[in-house]
Amino acid sequence: MDFLQINGGAKLNGKVKISGAKNAALPLIAMSILAGNDIKISNVPNVADIKTLAQLLRNLGASAEFLNENSLKINTNDINSTKATYDIVRKMRASILVLGPLLARFGHCEVSLPGGCAIGARPIDLHLSALEKMGAEIDIKDGYVVCKGKLKGATISFDKITVTGTENIVMAAALAEGKTKIINAAKEPEVVQLCEMINKSGVKIEGIGTDDLTIYGSGGKLLKFSDFSVIPDRIEAGTYLCAGAITKSKITITNANPNHLVSVLAKFNDMGFNFEINDDEITIIPPKTIKPTEIITSEYPGFPTDMQAQFMALACVADGVSVIDERLFENRFMHVSELSRMGADIKLNGHIATINGTHLNAADVMATDLRASSALVLAALVAKGTSRVHRIYHLDRGYENLELKLRNLGADIQRASE
């Protein structure tokens, strides 16, 4: 199994190009099930989760061909199965995104209950109750969600904001008969891009970018999509800014969208960092002393839960006491025990972490999920000595060429096998 070996203490400098957003690409790939034409998607990140979803489509009978490392051509005209099997779904929670489009197009589907990162319960009940309101009959049988029914427009009010739930229902509503209204919809940039692409395909969507969406379904008519490019990954962008921050290095990220990073940049400002922003480039300028901060995770446009672990690593070396309140997911502090192995001073009380800034020392640590693994890499960049980060298959699910990009910035980092 691969691990990363990192010698801490190197200063970083230079530029790093941000990849396309994994969390935007996944629903856009699932959206191809709604299409009656070939779709070409560019700026697709070359990460494991994307390859998994492309393979899932192939298993259904679609063609999904990588034209190069970051471009994907999909045709779903020859889908001959509507069963997404456990062997592929178990690798990735986002596989549930095929549920809405498969049901809307074919009137039946079976999707294995999802896998992926082990972060709390993350139930899919919200997806299922919404589809039932649209006319679906749903059973959970032998570990599969079994759905059938012709979907009709309905008013869906989510009790809790759900990103994948919003995406699933938007896609289902696109082919449903009549008007669907989604109240308390997610507003993330990844949801916005999905809505924009469907809107351009001829299905009218009102309220894009708000928490109140109205979708006028095509009544089963397949959609025609233009070629498009995936938006930049705001979480990857934030992670590389954290790499510059934790090593007190001036670095520049390119191909980023500063408008998607407002809450993250504000927290960096609180901690004493400044920025130069020029179109799609952001340069982070470190202070002499990193100030502590207080963070509460929330839905977009609030501070993203997917940046919580990285900022915890940064808080570990701040001058003072920081507090992080994780409001969105349970069990999302699994990196704490590993950071503690490196000398971090962190106390947990339920969903609140209190971090007393200190110096970090190298250690062997183990990744438990995607964002936790990036936090351990960040900590290792500044820890004294040589660290090894194990179970980095979590990293490969969501970060494209992480060690190569960090090495190009000057980090002393190598991938090796044990």
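The backbone N, Cα and C atoms fix where each Cβ goes, glycine too.
Packing around Asn23 (phosphoenolpyruvate binding site) is summarised by its Cβ count: 23 other Cβ atoms lie within 10 angstroms of its Cβ, all protein chains included. In the three-state DSSP reading, Asn23 (phosphoenolpyruvate binding site) counts as helix. Taken from Swiss-Prot, the feature phosphoenolpyruvate binding site covers Lys22, Asn23, and the record attributes it to sequence analysis.
Secondary structure at Leu126 (UDP-N-acetyl-alpha-D-glucosamine binding site), taken from DSSP and collapsed to helix, strand or coil, is helix. The number of other Cβ atoms within 10 Å of the Cβ belonging to Leu126 (UDP-N-acetyl-alpha-D-glucosamine binding site), over all protein chains shown, comes to 20. For Arg93, Arg122, Pro123, Ile124, Asp125, Leu126, Asp306, Leu328, the entry in Swiss-Prot reads UDP-N-acetyl-alpha-D-glucosamine binding site.
Among the features that Swiss-Prot reports, 2-(S-cysteinyl)pyruvic acid O-phosphothioketal is placed at Cys117.
Look at Swiss-Prot and you will find Cys117 tagged as active site, proton donor.
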Lowest local Cβ density (other Cβ within 10 Å) among binding-site residues: Asp125, Asp306: Asp125
Lowest local Cβ density among Lys22, Arg93, which the record lists as binding-site residues, within 10 Å: Arg93
Cβ-Cβ neighbours of Ile124 (UDP-N-acetyl-alpha-D-glucosamine binding site) (radius 10 Å): 20
Arg93 (UDP-N-acetyl-alpha-D-glucosamine binding site) in three-state DSSP notation: helix
